[in-house]
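A short worksheet on the structure shown next.
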Amino acid sequence: MRNLIKNVFRSFRTAKIALIALTFLIFVAVGSFVLLNNTVNNFNASFQHVTEQGQLSNAIINERYDFGKLEFQKTSNDATSSAQPSVSTRSTLTAQKANGANSSFTLTLTPDSRTSFINNALQLKPDVYNSLVTVTFSYGSESDQTKKTQIEEQSKLIAANNLSRALQTDKELLVTGQLEQLKATFRTYKAINITDQGVFKKLIASEPTDQVNRLVLFDGHQLARSRQVEFNELFSQFTQVQAKGKDQLSTTLKNGNYEQLLQAIANNFGSSETELLKEIQDALKQTNSSTTLAQTQSSQQFSKLKNLFDSGSTFTNIAGKLTLQWMEGTNKKQLVIFDPSSYETVVAPGNWSYEQQQGKAVYQDINHWNRIKRLPFNEFEREFQKIDKRYKMLVDKIEYLILGVGITPDFVYPVFSESLLIPNTANEQLYYVNQTGYERTASSFLTNPTETGIVARLPNLNHDLDVINQWAVKNMSWPPNLKAAYSNTDTTNILNLLAARTVFIPNLINTISLVSSFLTIAILLVAIFVTILILVSYLKKNTEQIGILKANGVSGRKINLSLLIFSLIPGIVGSFIGYTLGISMQNVAINLFSNYWFIPTQTSSFSVLGLLFFALLVVLMMSGISLFVGWLILRQDVVKILKHDSEFKVSHLGLWAKWLFAKFGIMTRFRVALAFNAPWKLVFLTLMSALTMMILNLSFATKDAFQVAQTKTTLTQSNHQYEFELASPTEQSGLLKWQLFAELGATDDRTTDAVKLANRRMEIQSVDESKKWKNQQVINFVTDATGFSNDINYLENIVQSKIGLDYSLGFGNVSSNPWKLSETLMPANQASASNTAFQNFLKAIIVIDPNEGGKYIKQTKDEVTVRFLYEIDSSKALKNGNTKSVNKIQKSTAAPQAQQGQSNQLMLDNDFAKFLYKQFNLIKEGGKADPVDLNNFDFANQNQIKRFYSKYNALPPVDYKLAFNVIGLPKETIANQKDAPLFGFLTLQAQLGNDAIKIKGIKDWKLDNTNLGPVLRTNEDEIINQRLFSKPNGIIINSSAAKKYRLKEGSQLHVKIHNGYKRVNAKLVNQDPTLTATFNIVGINNSVHEPEFYTSYKTAATLLQYPNEWIEKQLPFNSFYANSILPFTQSTSLFSESGLFPGTSSFAANNTVLTEVIKKTIEGGKTNSKTDVQKRAAQATANGKYNSSQNNKMNYERLQKALGITSDLDSSKAGEYATILERVYDGLPYNSTISFISNVQANDALFANIANTTQQIQTAAIGIIIPIIMLIVLLVSTTLIQELKKIAIRLKALGYSNPKILLSFLSIYLPLFIFGLLISIPISIYLIALHNQVIFSSAAILLEATLNFPTVILSMLVLSGVLSITFVLNWLELNKIKIAKEIKNS
């Protein structure tokens, strides 16, 4: 046995290449598996740790309740007290039940304020809510009519507030009650987004008691529990005590449970307040005694404690602390009850490495921190400032102490917002604070975007979601087609950011695991083949020795066991190196995924057991293969083994090949015989060579394919950066109105023969400048202050902004703030943007003109952030007026006291209105600025505002516009046109087979540098736009569309169109609204990214069924090209498909507000004849005022049109009409006008990312495959030549030189190249086509990679270079041969 083993070891010299190759393959297989498998396991362990410890939610619920207007009307118990109330300031009033009819009055919730939510509350809890919707108040001893009116107005506010508070806190009415019944665990999720010096910071509220999505720590200490609940209770207690009056303080404290409040006040007073502290201590002692405080000797002088609850004292619950301010004589005093835990934060691990680079560290001295937290507020602040800055983080000027590093499971993949879907830890920072910590910052950034919702763990997810959604249909105000509750993995819901945050990580782990398994199996299969090759080669080379051994009685089993060395040594060495390297490379692998992985991950440590396991596994597998192959060969009889061993045996294929070359010389026939002598090895080697050339061909052919494709795609764009897709008009909506963005809200000039569009302009005659601003930018004083929620069309065609709307206006018996309702109709992020823009606007005004701006704008310095907050000074912006014209308008409906001149009107001051118009004009001038200056403007940068004003004598577009059926366009889009924007076009929403496509109807633009539309080119670079305008129903498609749908020039395209102008008419009568169209393909554009379709504007407009006179003037449009994003970032345009703009958020049959509005619209439309309306309108115009009643007839007609009913409407069928609106308009009164924006730069970047990612994957794959295949080719070819060594010795003895001998041996490469080429070329063509198809299917990029002659030659040269290594190795081997010795040994 020893001799057998020695013989095997001696053969290592001749099989060293094979052994190295086998060791290398085992090393790669084990190393790859260990590395990737451990990475997957480590990732999965970290992810599971966070999700299990943090209790990841499985559902999200978005709350939206319709409390309605909460408007109360008076039902008088006193015949003498029927005066029309006027607007008065909000003040505290004690509501009491009346003792007599003459001293009381009753307020009842108006019918159109009784939303379905309130009606549900009345059904569920009538005892509670009947007393809240009908409330009796007392005038007390007041007899003055003006004072009574003020009491009535204040009482309305109190009644509304009481009802609102009850509705918002009643769990039985809210979804939280449903969740409790379902035994779900849940919590409220709150986050605020803040941009701080170019860094996007997100603060998330988190409590240690959270049961869902709780904070999981990796380092440091947990956040302390906040005192927010306690603060809310203290605030409520103080309000109750103060409302009952300081004179009743003794009785109030005795009868109520206010010990918590008194103790909290006492705990936060300094020792200097000895008298006050003594009074509080006495109060605490007496609260449980039978005597009142007034009866005790110690409390007879009770002035100090009473001062705290005086009507002039204030108690605020802001910024995470309670602040009590009161007066003692002329001295103003202050007490702060604060929560020191509001200064704590935990940093997300994804940001922590970056923070550490900036020198930040976790504060570890928790005992010192706990001591500081026990100090009074002022001392705490001083001690807090002494802590080193390296332990703190800043949000603006607000400091937090870094206590730890941690994450909640919903932010494992930290997607920050809809626009920030790719995490960037340097510029996007995530911090956790408790509830008071959250309030501490949120109170200083009230206008910033926030995320809110309920996150829950539902026991039976699908069932519970159905239950909640069915409940929400009846109790929430979402449109019927939107779900309030959905799974956290529901990627179809665009609002579900949690899906983007949690679904990605499991997908990433599964992908890595799949790649690991595939790669390991592939490499192991190659290793098995190499093992077989080595064994077969060894056994054949040592046939004689094996035969002699068997003849001498050595068993085949022993011989076979000796062969195990061939698998044992490579297996052990390869496994050891592979396992060691795989373990050591874990951090490298984790870092490779650093763009996707943001939580700390522990790596697996080196394990002797792990090493032994992998070594044993590989050895067993390779040994099994070795034993099996050896058994197959060694089972032959000894005679057969020794027979003809010394002869060169030519295979049948070799003999047949020799016969084909019978007429050639002997050496030629000899070389042919050599080439075909080992058919199976030749076949395998040929396949490997073909595979090598195929992969090389693919690599070379696709090398620049992406760059070429991107170049072609970029050529289709000409100058524009953005493509906006808008809502498509209907007959009910009318055409979209457009304006220059900077002039949005102004009256623009139109030609006299222009078709009247959907906009109507409202006159404001009282201010001269308003003649230029009629659409209107500033509210029409009376119109929006009277019955604004009772008009079905109250928002129609009005351009608004917060600066022109945010005023509480009074007229007659109505007080309203138009902005409040407009804000509720905006998406939350746009409402926040509007509030932010409002601050920037006021700041800009102050910056460019401090004197004039200071007249109307108040600046308040935030003590925490040291930032200025700006607001309009209402005392200077508004005026009270008793105008004769207003009284005349009211006479027909006003009460007798109103006719006596008791009516007050609160309106904008004329000088202030002129001041606003001046600012709008400055913005209008700013619209003429260079687009570069506009697009790159930092609205919060004071110096940039100054520079802009100095350069253009104008303001940038700082005012955020809210428009209805109106869209602001950049000047380059309009291009000096009057009736239609030059670079506006029509998009047909079409269906081709089962695919949704977009066909763009473009105009015949002049194709020069000012053109913003596409320049369509063929592969020969011929511009073919004009073909659209010279042939009927012509369409140009791009190369991608031609490939995907197998189309060509001359083919026809049959589609269905879904956005026709008359589509609603069809839906109203339950007909199919789709239109059919047939196009003739007149050209193929060379763009290769995603299918594109272009037709002429006229063809598109005709197919969409717009009137011919509109088409001739090119008035309709639903898309446009631009170089500016401002129409989206600095404005909100809402579109109503129905043409209706009611003051409610949904069309639904159970929407009480909607049905009331429909009733009033029908009743108003029937009672106002056309003559009466004209008379009222003429009177209103003459007086410079506008009364909403003149809208009634128009509103009635628009409602008829929206419903598709030409006969008279019946107010008793309001519910039926609401059902029609819900069905036809999908439950949505309005939607965003802008439905899609295509960013050329973003598309190019996406294209580049896809290209780079694909190329990297391709390079990595080829980088692994090519070396392995070439190693096999080298191994097999070397083995083949080694087997011919005996022949080489004989040829050398016959006098042949080494080069001639080698050339003879290299003849085996001839069929390899010939057959390799024959196989590789067609398969390469197929592979390249398959590669193109895969990229096209997955990324919608059409690559035109093809196989050409230079590519084939280059691949052959590379393969020849690899095979030349064999030539060199054998040259060296032949030079070492000593003929006499070799003949003797043989």
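Quick reminder: no glycine exception, Cβ is built from N, Cα and C everywhere.
Note on Swiss-Prot: of 563-583, 1235-1255, the range annotated with the feature transmembrane segment is 563-583.
Looking at 466-486, 592-612, 1285-1305, the range annotated in Swiss-Prot as transmembrane segment turns out to be 592-612. Comparison of 17-37, 563-583, 592-612, 613-633, 1310-1330 by number of C-beta pairs under 8 angstroms to the transmembrane segment (682-702) places 1310-1330 first. Ranked by the number of CB pairs under 8 Å to the transmembrane segment (563-583), the listed stretches 17-37, 592-612, 613-633 are led by 17-37. Counting residues 6+ beyond its ends, the transmembrane segment (592-612) has Cβ neighbours under 8 Å at 34, 38-39, 41-43, 45-47, 50, 218, 348-350, 405, 407, 412-414, 423, 425, 504-505, 508, 512, 575-576, 579-580, 583, 586 in the same chain.
Between the transmembrane segment (613-633) and the transmembrane segment (17-37), the number of CB pairs under 8 angstroms, six or more residues apart, is three or more, so the stretches are in contact.
Residues 675-676, 682, 685-687, 689-691, 693-694, 697-698, 701-702, 1277, 1345-1347, 1352, 1355-1356, 1359, 1363 of the same chain lie 6 or more positions beyond the ends of the transmembrane segment (1310-1330) yet place their CB under 8 Å from a CB of it.
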